[in-house]
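Pulled from Swiss-Prot:
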type	residues	note
BINDING	111, 112, 113, 114, 115, 116, 135, 136, 137, 156, 170, 179, 180	dCTP binding site
ACT_SITE	137	active site, proton donor/acceptor
């Protein structure tokens, strides 16, 4: 497997609409204010988080069960700044819609700006021929409330091209998160 460059990413966007909307270069300023950067980088793409969040709460005294997830574990918010309570968790989604080629696996890593504040971003790999908005998982590991800024950079996607095309893609096996829109909760 090889990690793919900015040139390859740009061509995949032009020829296959791999990322929409697409920022051709790093955006660091918006409306004369510094922001957490997003857009194309040397060997990856920094994606933005939308203003749609689901924040974990204990107001309903439920339990988190991945096989029987209770939507009442969360409160929905559409905000420019999401406040994650201390030692808590929130879900968001990318502004960008991704369409992954059959010979590519995508890995997500967090932005250092958030990591240095104790905010960890987790995303499972984007598999060959998966498409949709990416649901982002934010963990606030600090004993203090933490801010996530909507429409600014949240994570970086790295594109790994396989030496061979896979026999069975995410689309072939009709994966349960195929073509997800918005923040998607656990499915079994």
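From the backbone N, Cα and C atoms, a Cβ is placed for every residue, glycine too.
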Set of same-chain residues at least 6 away whose C-beta sits under 8 angstroms from residue 135 (dCTP binding site): 91, 92, 93, 123, 177, 180, 183, 184
C-beta crowding around residue 111 (dCTP binding site), within 10 angstroms: 20
Under 8 Å by Cβ from residue 170 (dCTP binding site), same chain, sequence gap 6 or more: 100, 127, 128, 129, 130, 178
Local backbone state of residue 113 (dCTP binding site), from DSSP in three classes: helix
Surrounding CB atoms that lie within 10 Å of the CB of residue 180 (dCTP binding site), all protein chains: 19
Local Cβ density at residue 113 (dCTP binding site) - other Cβ atoms counted within 10 Å: 15
Structural state of residue 180 (dCTP binding site), classified by DSSP into three states: strand
Same-chain residues at least 6 apart in sequence whose Cβ lies under 8 Å from residue 137 (dCTP binding site): 89, 90, 91, 121, 122, 123
